[in-house]
């Protein structure tokens, strides 16, 4: 075997090549630290693999913020997340990094973000209308096209990382901890994204992937929303995940994909893949979800969930799909009738990847003794007596 066939992004290929080195060389980035005394933790919102997340108050202006306290991790990874957030700051529907603080004693870094008044997706997605789904998908695409145009792949698109303030119809794409700069020809770690949203390229260990990875993950989100099946591809491990995909997209196109890129499939797949025909999207429609499905929704989905990453729609192409015609028309009408306002800071619940939603906070008791609050205390952020008390 001569090794895999190289691949380059179809769009925004050389963005970082044309930028000055300091734009993408995050290892050399010098972090400017703010004052941790400006923030008081109020309650814990959740935890993830790499951090603990709190609602907090900025005592200088009394505004709610979200504080993401990073667990011990390589300095390089922290710098990457910070540099990416700084590069993307002000972009459409990108969570705003407000401050970076560190306790002088523990050296624990924490990222301070705008607050998003998020509704848990498991509750929210069950209530969304056809138009709502189109609207929010379009809002995610604005964020993705922007970050891709800035030479950045998110690499962890999933419902947990999309904060929606439904009352104000505001959306933010959060948790840029796995995001990376795209350099054509570079081989990347395939251990990114969450299992149910991993693209086939990750599952077959193809490392020369690009922005199109995010478009697969978005397709998985769309499928789960329109078919009311969460998650849509429900694998029990990374191998089974590809099997679940093959049972829908068929094995024939999978083998065409691995042949095209000269990918060597892990021998473990020999016993579990089998042979499967490509299923029609219509077979997933039933009485409970038919009000969310339309021919244009299925056509759009079909153009996202493609094995071949080069065949998927780009974020910009996706925004021009007929699925969004009504949304585009409405937004054009609104912007012509109202003064175009800037991006309003929004509010958040689970502010990062893999956060398990925390139940309605109980009065302080058990929370105060938690190692998280202890860690936060050592961070030099004073915890008010009412931390964790119900608002």
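Numbering starts at 1 and runs along the chain as displayed.
Backbone N, Cα and C define each Cβ position, glycine as well.
Matching 68, 74 to the ATP binding residues that Swiss-Prot gives (45, 46, 47, 48, 49, 50, 51, 52, 53) identifies 68. Of the listed segments 36-41, 54-59, 60-65, Swiss-Prot assigns region 'Interaction with beta subunit' to 36-41. Residue density at residue 156 (active site, proton acceptor): 24 other Cβ atoms are found within 10 A of its Cβ, drawing on all protein chains shown. Spread of the ATP binding residues is 14 Å (greatest Cα-Cα distance among 45, 46, 47, 48, 49, 50, 51, 52, 53, 68). Mapped onto DSSP helix, strand and coil, the region 'Interaction with beta subunit' (36-41) counts 3 helix, 3 strand, 0 coil. Counting in whole angstrom, residue 51 (ATP binding site) lies 15 from residue 156 (active site, proton acceptor) by their C-alpha atoms. Cα to Cα, residue 45 (ATP binding site) and residue 156 (active site, proton acceptor) are separated by 20 Å. Counting every protein chain shown, the Cβ of residue 47 (ATP binding site) has 19 other Cβ atoms within 10 Å.
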